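Student: Okay, here's the structure, questions in a sec.
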């Protein structure tokens, strides 16, 4: 699909020469989530050494909390990292779902998201109640048992109006909103259900403010919310605006960006606790899509901070991120890989945003084109997959040299399907944890914590800082892998994308799409106006019995001068529009484009279920 400025050409990276099978890594990275499943496992479960577990979760609290994911190598279901995992898996699909489909993995990715959102729906039984943890990290860590044998506490912990948790509720709202976009085409009823939960949770988070770990104190030792809840409120609002296009959420971002730190914090990390960099990148997308309206000046401040972070990633900022001698981002010894994948994902999507907008980053040490940002992300992924001083793949099951003694209860103890003998709480430590040998069950696709600041790594089960995996390590990675496997074919991440259905077979007949309207051209009139308007339908689909069209409109400056202050009048528009700024009743150039040079064009798109809108030039100046 064409970019916003027709003269923009995406620079192709030599993906084919990288030597890595990104499609295979994508398959394994998604497969890992099946090993983390709690509850009743489905018939199509591919990790067959796992069995049902946690079947009475929530029972003591009078609620069904069966399902969801264990976060890492233990058997606790922590709500904050689980919700962040779902948000990032959904963002990966929103951006690169077509590439996942081309690799044959979109269906599996959707199943991974739904396994999490089904649980989050259960955990939100009332508008102002959210269960944020099942199990207790202290008692759980005292035992080394496979999840099928758990004897530890399965008590459930919740937040409510008297015990608030804005960070937990906000992140869960973001997860639900992001996931609603993922299922909008393939399962619209489920999408609507998720969006309803997201709106309720955001209202709960904003109205009853407080840190969740002050209410669920057992989480403090494991997932303390050090950053507070302001970032999650902005994160939730951004995802709700992305999912709904409702002015309320844009107003929230514009009116609260300064007070809640979105425009002030220049970050050096992004992860389950600190969301600011993610908010700033997502808001930058809105700005470049022309969706900022009168809040664009505030959104530009978000974007400045986003680019501060990305310049630091690329090594051209005022304060660059630390890297190992082998080139890996290094933030901390304990599970450093979570920061690698999250930062690399932001670099990947932002590289596509700026390429689509026809611009680059202006950093303290020079300009960074989109290709350089993507090359940075690729370097991090290639390091993970084995291009590093130890020639070690940090994804279990990928390549020939990967961790064999993973800090993970289920993989380190013989499968209950092989030996059904009960493994007791302390027995697991004596028999399996201390065992020097490869795991009996291969934890395919798990991304472990990774090496230290000097590229050193010890493959030992008790080295939990380096050998423990986590669900939130993989979630951003699957998006990058899909992008690298798919290449640059026709990407324009500023245009709305409808994901293909993973299973195109329909259970009931749908009305056939109407013939696409022919190209509609408004030629330059006889009075010498230099503006040419051309419209055409680029796609059509059926939703709820109605045929929708995506229209592409190209505005071309046919004069020999620069067009400024362009104003467009658009009538008979019955749906969302991307790529222009709106001021009053007229539309103008997007905020990132001040003028249209001689012979150049810009593109905007809109969607509705009618013939092309009436687009007319209302005013302009030539210089």
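Placed from the backbone N, Cα and C atoms, the Cβ positions cover glycine too.
What you see is a predicted model, and the numbers here were worked out from it, not measured in a lab.
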Student: Choose the correct range: of 453-478, 479-504, 505-530, which one does TrEMBL annotate as region 'Disordered'? Give that range.
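Tutor: Range annotated as region 'Disordered' by TrEMBL: 505-530.
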Student: Along the domain 'Carbohydrate binding' (531-611), what average pLDDT does this model show?
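Tutor: Mean pLDDT, the domain 'Carbohydrate binding' (531-611): 81.
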Student: Roughly how many Å lie between the Cα atoms of residue 459 (active site) and residue 407 (active site), rounded to a whole value?
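Tutor: Here the two Cα atoms are 9 Å apart.
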Student: Could you work out which of the active-site residues (459, 468) has its C-beta surrounded by the smallest number of other C-beta atoms within 10 A?
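Tutor: Candidates: the active-site residues 459, 468. Fewest Cβ atoms within 10 Å: 459.
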Student: Whole-number Å distance between the CA of residue 468 (active site) and the CA of residue 407 (active site)?
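Tutor: Residue 468 (active site) to residue 407 (active site), Cα-Cα distance: 5 Å.
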Student: Return the residues near residue 407 (active site) by Cβ distance under 8 Å, restricted to its own chain and a separation of at least 6 in sequence.
Tutor: 73, 448, 461, 462, 463, 464, 467, 468, 469
Student: Would you mind splitting the domain 'Carbohydrate binding' (531-611) into helix, strand and coil residue counts from DSSP?
Tutor: 0 helix, 52 strand, 29 coil
